[in-house]
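**Student:** Just lifted these from Swiss-Prot, have a look:
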- 8-118: domain 'MTTase N-terminal' (DOMAIN)
- CYS17, CYS53, CYS82: [4Fe-4S] cluster 1 binding site (BINDING)
- 137-375: domain 'Radical SAM core' (DOMAIN)
- CYS151, CYS155, CYS158: [4Fe-4S] cluster 2 binding site (BINDING)
- 378-443: domain 'TRAM' (DOMAIN)
Amino acid sequence: MSTTPATPKVGFVSLGCPKALVDSERILTQLRMEGYEVVPTYEDADVVVVNTCGFIDSAKAESLEVIGEAIKENGKVIVTGCMGVEEGSIRDVHPSVLSVTGPQQYEQVVNAVHEVVPPRQDHNPLIDLVPPQGVKLTPRHYAYLKISEGCNHSCSFCIIPSMRGKLVSRPVGEVLSEAERLVKAGVKEILVISQDTSAYGVDVKYKTDFWNGRPVKTRMLELCEALSSLGAWVRLHYVYPYPNVDDVIPLMAAGKILPYLDIPFQHASPKVLKSMKRPAFEDRTLARIKNWREQCPELVIRSTFIVGFPGETEEDFQYLLDWLTEAQLDRVGCFQYSPVEGAPANDLGLDEVPDDVKQERWDRFMAHQQAISAARLQQRIGKEIEVLIDEVEEQGSVGRSFFDAPEIDGSVFIDGDHGFKPGDKVRCRIVDADEYDMWAEPI
């Protein structure tokens, strides 16, 4: 008497940034298409895949900790992702891992899974169809759209190019077709991500591709114009401050894409920016920000900064605080500089900033920016906004406005039971705000 073979089961842990999350989605989509079941616990899995982060040393430590936990709880572990480029470091700590690959090695990861637990030979892909948009790890109403891999910059604090390589842009027709599938599947917000969104198409000389029979240039402006036709919110992340950023501001002013720019300025002191190998035109940047806001008064600018970079003096730090006062950024994150193995900054020969000074500067930075963010949100009280509902709880609903990217920005809280569902878009009036969040009432 024949018995039906057991369905092979895979556990999956995804660490790091949204780019890594998209890599995880792609691997999981392929495994699901081959009949694998994705399970939420180590003990139920036949094998566990850990997609690691290797951006900074604390992320590497977390990756090694999670790998160790998976080995302890399951025993069969496959490692991939950015830290995977350091196979020796991983095997030194965890010699029993079955396979180690770097980022974007989708086929190698799937093959490694095959070796541990082969797919069922009798699997019929028509019985358990994977949706056209693939497996998504985000809530159903928003999704990350990765438009390129790698980066052509050589920022001295960063090792991303050594892990993910030089810029490789995806064909714009392929990107737009994916976005179209996402919207048809119910996605209300598309978050455009890459290592360097404004450089999209540079590597292919902005060549023309085709989407639904019409020509589209492989360039940020044309991509945004096409995405705006799909009827979803379009939010731009990781936008390097090239001159071509100016070109998309009119689209924001016209309401075609969200008036939101995520631009990692990193610092303002010309001396520190030079050491970081970042653009050192902070005065010109202030003029551009002013111009952007004149064209699009609703524009929200998010950024990230590093304090305590080698050689940063108190004068440099005060320059940064003064620049923040001038720039009046809306959403800001800040990190204390952490040396990364293999980063060029380690070889600059600059004085290290003591840890207690880094902490003190971080505290001052956050207090300074919180006051700016709070004042800017106070100006929103009484105004009407559209809110995308993320969660519905007993006390009310939690959503986001065009001000807020998921996970990294604030929320909009709506008290009471209004029958909303995740993914609903609701017209509201803002009634209160603090440094990060807003409270609103439906209109």
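Just so it is clear, glycine is given a Cβ too, placed from its N, Cα and C backbone atoms.
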**Student:** Using an 8 Å cut-off from the Cβ centroid of CYS17, CYS53, CYS82, can you name the remaining same-chain residues around the [4Fe-4S] cluster 1 site, in sequence order?
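**Tutor:** Same chain, not in CYS17, CYS53, CYS82, Cβ within 8 Å: LEU15, GLY16, LYS19, ALA20, THR52, GLY54, PHE55, ALA59, GLY81, MET83, PRO103.
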**Student:** Tell me which of the binding-site residues CYS53, CYS82 sits in the most Cβ-dense spot, judged by other Cβ atoms within 10 Å.
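**Tutor:** Selected residue: CYS82.
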**Student:** Suppose you look only at the domain 'Radical SAM core' (137-375); what would the mean pLDDT be?
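**Tutor:** Mean pLDDT for the domain 'Radical SAM core' (137-375): 92.
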**Student:** Determine the most Cβ-crowded residue among the binding-site residues CYS155, CYS158, using a 10 Å radius around each Cβ and all protein chains in the structure.
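**Tutor:** Highest number of other Cβ atoms within 10 Å: CYS158.
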**Student:** Long-range same-chain neighbours of CYS17 ([4Fe-4S] cluster 1 binding site), Cβ under 8 Å, sequence gap at least 6?
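**Tutor:** The answer is CYS53, PHE55.
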**Student:** Name them in sequence order: residues not among CYS151, CYS155, CYS158 whose Cβ is within 8 Å of the mean position of the Cβ atoms defining the [4Fe-4S] cluster 2 site.
**Tutor:** HIS153, SER154, PHE157, ILE159, ILE160, PRO161, GLN195
**Student:** Show which residues of the chain containing CYS151 ([4Fe-4S] cluster 2 binding site), separated from it by at least 6 in sequence, have their CB under 8 Å from its CB.
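**Tutor:** In sequence order, the residues whose Cβ lies under 8 Å from that of CYS151 ([4Fe-4S] cluster 2 binding site) (at least 6 apart) are CYS158, ILE160, PRO161, ARG164, LYS166, LEU167, GLN195, ASP196, ALA199.
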**Student:** Would you mind splitting the domain 'TRAM' (378-443) into helix, strand and coil residue counts from DSSP?
**Tutor:** 1 helix, 32 strand, 33 coil
**Student:** Give me the CA-CA distance between CYS82 ([4Fe-4S] cluster 1 binding site) and CYS155 ([4Fe-4S] cluster 2 binding site), in Å, as a whole number.
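**Tutor:** On Cα coordinates alone, these residues lie 17 Å apart.
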